[in-house]
Every structure is written in structure tokens, then in C-alpha cells.
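S.K.: Pasting in a structure now, in C-alpha cells, and then I'll have a few things to ask.
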Amino acid sequence: MICLYFTFFLVPWQFCTFILKFLISANHLDGLEEMDSNPMVSSLLNKLANYTNLTQGVREHEEADEDEGAKKQTVKSPQMGTFIGVYLPCLQNILGVILFLRMTWIVGTAGILESFIIVSMCCSCTMLTAISMSAIATNGVVPAGGSYYMISRSLGPEFGGAVGLCFYLGTTFAGAMYILGTIEILLTYIVPSAAIFKAEEKAQEADALLNNMRVYGTCCLTLMALVVFVGVKYVNKLALVFLACVVLSILAIYAGVIKTIFEPPIFPVCLLGNRTLQNHGFDKCMKTEIIDNVTVTTKLWSLFCKGPELNASCNEYFTLNNVTEIQGIPGLTSGVISENMWGSYGPAGMLVEKAMPSVPASDASQDKHMPYVVNDITAFFTLLVGIYFPSVTGTFTCNSDLSCVVMFGACIEGVLLRDKFGDSVKGNLVIGTLSWPSPWVIVIGSFFSCCGAGLQSLTGAPRLLQAIARDGIVPFLEVFGHGKANGEPTWALLLTAVICESGILIASLDAVAPILSMFFLMCYLFVNLACALQTLLRTPNWRPRFKYYHWTLSFLGMSLCLALMFISSWYYALVAMLIAGCIYKYIEYRGAEKEWGDGIRGLSLNAARYALIRLEEAPPHTKNWRPQLLVLLNLDSELSVKHPRLLSFTTQLKAGKGLTIVGSVLEGTFLSRESDAKRAEQSIKSAMASEKTKGFCHVVVSSNLRDGFSHLIQSAGLGGMKHNSVLMAWPTNWKQSSDPQSWKNFIETIRETTAAHQALLVAKNVDSFPHQERLAEGTIDVWWIVHDGGLLMLLPFLLQQHKVWRKCKMRIFTVAQLDDNSIQMKKDLQMFLYHLRLNAEVEVVEMHDSDISAFTYEKTLVMEQRSQMLKQMQLSRTEREREAQLIHDRNTASHAALNDKPDVSPERVHMTWTKDKFCTERNRNRDHSANMAVRDLFSMKPNQSNVRCMHTAIKLNEVVANKSQGAHLVLLNMPGPPKNRVFMSVYCATSFGFSRS
């Protein structure tokens, strides 16, 4: 066990003194409001009727807008209603690029069953998130910001800012994905001849396509950004046209599926053996044909042979296998659904083959140069999840996509489903071959769908960034909160276009889709977390009108979001979490503090309550013991901290670990000094922030300082989280103090700390302690006078963990008497340090029982004489202190004269009372016995115990000064609390006379 009954004096030596000044808040409490300042009943009812549940953060940037626009002409901001501003954008995202360009490929690659699983997982995730979002959205008014607003007001500004910025990045990359989809449709299915970069060989086709996507994508982004900049009203007008095309495209797909039952469309697919051929350079699926009874070769022959002659050298696989033509869309009743039930994954460059027999060739090295349909990327289940997820946004998606999975698998041939760009059907959009009346309906509809979705992303993302910037939680984003006179986010649009361009430079729809999936999934995860947290905490403000929710559904949705993140791409998930974590820590470190009543704060309160109850169950084990400090500060007349370096030392000792309570006491009554208490608390908090001290502040108003400090020692802390150590500064000028209670308050504090079974740390010359500057190599000297179980050893170890004291080494000194075995004591102490796992130099100092010096005897005698004399003279308390100080000063001067002239015997101490004063006292009817007692003061002898204590203190002072003159810090422990002023002088004598104290 660690014994906590001793007092510790910390004496710094080689530091300069710094003076710190703190600004004091000028806020004063003028009094309670009068009744006539309260609102009338009608005004109160009007406020209740217009209640919007807007938090302080929203009001702040609304008021900022009002101040900014005071000198400008009021311009009405365009308002988008629920239908145009919410429903249509969501519908365009639902019926977007993934459905038209990648859905058939996903079904063909994963198979019907696994595609059904992919769609079901993603739809379940969004469905559960929609339930959670409905609960949050109906728990108040949600202004600009959408998901960001809901998360930030539910989980706090740190989570809200991190997830909001991630959602902003996801929306921005979604714009890049839609633009890439637009260009892919344009260059692949509408005007392939418009390509700027053309491939001379088949191996260069992929690079040429990527370069074309970058050039045309940049031009398309510039055009869309200009449209958004000109005005949102034009985007809204175009949205209706785009949506009409999308709806017609969906109807055309369903009509085409129904038509396949009676009359399947004619889209033949040519197979060589079991391999699918690109139908670009030939028009007939045959090797030879008979014209006028003459067998001639076809264009297909020229693709695999070195000449049109029948005896020309041809590709081995072409020679061994026959050409077969099958229908790409056999129809709903053809039974092809059984063939498409299972997936067909493969690496990049793998040939798209049908499950039928063929004769393999011995040399397959030339296959990559032949006109076969191949996989452009490596396909696997998790990749398909990441590509598909951006198209999932609700119930409508689930129903339509699940039906599309079944329809595509039941109507379209498997090799055509796996043909991503429709090369086997002469470059037609695969889903377009299924539509009725023409494939162009789907091509035009998907083109306008991607254009509209891209415009909506470029419209929504800047507004989301503007909402984050106006909340002021991310300082470097504040510039993006400004815009045009009507509120349009110009600067945010510029940044959005720049980030979107980075996604376009990737130039691959399949590579961009998983990126924005990560950001969307992270946003959905925290929406579910916010709903679950608010439900479990049962906060009074949690009263959503939407009742069909439960915390288990939110928790399931949160788990599913997290699982989908790592299923889609574990490294993208880690990168997204790292970005969110960095934003979170930045907002926590530099962001503005906002009090939004978030759920994380409520969770912290519940966790703190649970932890405090657990701590109350049993006392902490010795292994977990660390100093939990109560720092007692003194304030000056202006309520500024007298010794701010005491907080610096606290920071260096604690390093942010454990409990730190900084307390102070004001004299008076709480009713009269309430405003002073608040000012003092703000002053202490400012000093704590300046000294980087993490802890709690507590200011007590009491009738006197002694009772106030006693209350702090007894009641500071809560439950099991209480302090076990008290840190305070040594009272400076306690001998010359005009207040007689200065040293008595200090002594009583020591005694009460000991009575509370707490350790006391007293820092002497605290203003000379280091601030934040790193110390050069030196030592921390520990004078182990009283055994304390190792607490004195722990203090320098804790200090060495801080950068200020890291280069300092620890030295431990212990004192031995003549009858002690110094060698054995050193070995025992070294073994003790070994068990404590501390590195320190050990030195045993021997102190001889030399004769008590005349100065020690005289000083002790004078101290006792003056105490008795003042009692006999019956002076007032203030006069006693003045007389005692004069006695002490004269005694010190006489001792200095003795040191200068050692051969001269010391003179008798002259007392400050005179014969006239004695006669005056006798005239006050004092007893004769009392007069005799005053005369006997000259013949009294000092208490031998006091003489011995003073002698030990002076001898120890000499040893410490000799051994630790160059130390950066000296730590001593003393036995027992002082009982009177004599012991105060003894303690002071221990550290008296150092040149740099």
C-alpha cells in the first residue's frame, strides 16, 4: 500500500521568473429581470406557433446573412418545392446510370441468385436507413444540409462535420460518375465516330477510351457547371424533361419484356466454338458462303486468316471450331433463366464463353488479338456490390431492380449479359435490345438520365458544403459559405467542380462507383447510429412523429452499412474511415465549439454515470493508483491567478491523465459575490487553457479562506472520481504578512489534508518553475527522508514522461545515522528501485550528531520567548504579529554579525518592549504574578524537542544545498503535519538559504 500521510516540498532552482497576465471577463450580473421585461401572453403564443426547432448554429449563420446583406438589395432565393427539389432528383438517381449501363452486366456476371442477394442487401441497407432518417427528420425541422444537419445535431459537430464532408465528397464523385456515364453513352452508342483518340490495335482500345472519356468529360463538366452557375431554375426546368425521358425508358423496358413472350426481337449473337465474337467487322456469321455455286470466304474469314483464299493460313481455334449463331434475346418463355442462374466471374482479359462443347487450341497466345468479347476488368462479387450500391436509394429501387434482375436473366442470353458494351450485337446498348419499340428509346433516355443526375449532383453538393461552412465548425471552409446575392454557393460550386474533375480523370465508371459507395455508406451508417443512440438514450427532446422505428432496426442498418463497406472494398473503406477520422480530429482540435444537445454528449453522461457507479463499488487497486490532484489556487484582488506556473507543473505531472480539479476560494457570501465567482472561474479556465491544463474548475465562496479550502478538500470530486492528492504553493512572505491568518490557513490546510488521508504536494518558489521550454540535461533530486511506500519515487517518473523533464535523470538521496549500515542501505534502496522498475542513481548521505550550534539554540529560544511574551502582554493579534516579526528580524541581524565576527560572543537579544511599555501594562491592573512571568522570559529555556527539530532542519538544509545545488528540481518529504508557528519555521529552515530558490 502507498502511504499518503506525508507532506512533500518541491523546490525548483535554476529558472527565471515569468509574469503572466490574464484577461478577465467584464461580464457582471446586474440583477434579476423585472416582470415588465417578460413577453406578453400573445407574444409567447405567437412564438410557440412559429416554433421551428432551429438550433443556435442555424440562427448564427442566418443572423450572419442578415448582417452581410444589410447594405445589399434583398434578392429572393429560388425555392425548390418537395416535388421538384426532392422527389425528382431522387427519382433521377434511382433510375440512373447503373441501371442502364451496368445492371445487365451485373446479372450476367453474378447470376440471378447472387444478383438477387446483391440487390437485397443494398436495398435492405437503404430501407433501414430510410426508416431511421424518417424518425430523425420528423423530430424537428431540417433546414439546408439534409443528412449533414441530421447527423451533426444528433451526434455532435465532430461527427457531423466528418460525415457531412464525406457525404459531400460522395455527392461530388457521384456527379463525376454520372458525367462519365453520359460520355460513355455518347461515345459508345450514339456517335462512336466522335472519338478523338482512336486505337490502331485491339490492345490500345482501352487506353483510347479512357483518354476520350477524360477530354469529353471535362468539357461536359464545364458546361454543366455553367448551367448550375447561371441559375437553379434552369436545372429545375431541364429536370422535368430529363425525367420524362427516363420514365419512358423504363416503360419501354417493361413493354419489351412483355413483347418477348410473343415476338422476341432479332439480335443474333455469333459464336466461334463457345466463344463470343465482336460483331463489328463482318455482317454474316459464317466462314464461307456459296455465291453462284462458288464457295467464297466471308469477312469473318479475313479476321482470322492471313488472306481471303480458302487455302490461307488461319488461326488454329478458328480452324478447329464451327461458327454458330444464336439469338441474343430468346424471350421470357425460352427457359434461358436456368442457364443464367449462376455467376461467371473471371479476371480481366478472360473470354466470354457459352456453356457448350468446343475444341481447344494448342496455342492460345494469339487469342488476345482476335475479335473476341473479353472481360475488361476483373470481376468478383464484392466489386459488383460496390458498383451497384450507388443506384440504391429506396423502396422504388428495390422493386424495380429486383424485377429487372429476374427479367434480364429470363429474357437475355448469358453471353450477351456479360457483354458490357454490346460488341456482340453491333455496339448496341444491351438493355436497349430488350426495349420496345426501339433501342434508341433507352439510349436517349439513359443519356438524359445521366445528364440530369449529373446536374442534380452539381446542384446539391455545393449547397451541402455551404451549409457546413456556414455552421463554422471547420474554420478553413468558411469562405465557401458565401455566394451570390441570392444565396447561390458560387465558391462552393467552384470547389465541387475541381473535385469532380479529379473523378473524371479516373475515367472509369467501374472505378469511381465504389469510391462514392464508401462515402454514402458511411453517411447511412451514422444516420442509423444517430437514430439508435437517440432512441436508447431516451432524451426528452426525442419525440419523432414517425413511429414505425426501433433501435434494433437502426442497429441492424448500421451493421449492414459497415459490412457492405468492407465487402465492397476493404481498402477504400479504410481510406474513407481515415479521411473521416482526420476531419473529426481536426474539428475537435481547431473547430468551433457548438452546443447542439447532441446524442454523443448524452452518451458521455450515461457512460460517466456508469463509470462513477462502478468506481464507487471498490477502492482503486495499488497498480491503478496515480495522483488525482486537487490544485488550490490563490487569486489576487483582480481575480487573476497568482501562481499560473502551478498549473504548468500540474500539466507536466499529469500529462492529461487522471483527474485534475483546480479550485479556489473567495471570501464573502455567494449572493453578494456570485458574479465574482463566475469571473474567477473564467479567469482560472483561461489560465488552464494557457498552461494546457486539462481538468475541472471549481470556485467556492465561503465566509473565510480556511473553511473554503476545507470544503474543497472534503467535497471536491464526485463519487469514486475524487482526488487523492492536494497541490498548493508555499505561502510567500508568510513572516512579513500583515494577515495573521496566512500561515495558520496554510497549517490548517496541511492538517486537514492529512486527516483526509491524502497526499500533500507543496511547491516552493513556484513562479520559477518551467513553462513549456524543454530543459537541458540535468537531475531531479529526491531526498527520501521518510518512507512513504514509493510515492516520492513516482513523482519524478511521471514528470519524466513530459517533454519538459524528459532529459532529466533521477537521483535518490537517503539519510543515514552513525549506527546505520550505509552500504546495506544503498543495496536495499537499489533493490527497492529495481522492484519499482525505476532507473535512478542512489546515494546514502551520513549525518553526524554534532553539537547543537549556538544559532540553533538562540533561534529556537527567541521563537519560544516571543510567543510567551506576546501572550503575557495581552496584545491584539495584529500587534503580536508585528512584535514577533521585529524580534525575528533583530535576531537574524545579530546572527549575521556573529558570522562576521566569530570570536566575539553573541550579545543578548534586545526585546522590543521597554520599561515605559511595561509600566503602561502594569497600570492596566495586571496581576503581580503576570508581571513576574514577563520578567522570567529572560531566564526561560527552550523546549528540547523544538531545539532538536530546528537543528535537524538546519543540518539537512546544509546537506541538501551541498549535494543538490545544480539540480533542476528537488523533492523532499517531511513527517507529520505542523502544529504551530514553530514547526512552520522548522519546515522553512529546511529549504532556507539556497542561492536560486
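Cβ coordinates are placed from backbone N, Cα and C, and glycine is handled just like the others.
Annotations in TrEMBL come from automatic prediction, not curation.
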S.K.: I'm validating the feature mapping. Which of 548-565, 566-583, 782-799 is tagged transmembrane segment in TrEMBL?
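M.R.: It is 548-565 that TrEMBL describes as transmembrane segment.
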S.K.: Cβ pairs under 8 Å with the transmembrane segment (515-536): which stretch of 116-142, 162-192, 213-232, 238-257 has the most?
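M.R.: Against the transmembrane segment (515-536), the leading stretch is 162-192.
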S.K.: Averaging the per-residue pLDDT over the domain 'SLC12A transporter C-terminal' (772-989), what integer do you get?
M.R.: 63
S.K.: Please list, for the domain 'SLC12A transporter C-terminal' (644-762), how many residues fall into helix, strand and coil according to DSSP.
M.R.: 53 helix, 26 strand, 40 coil
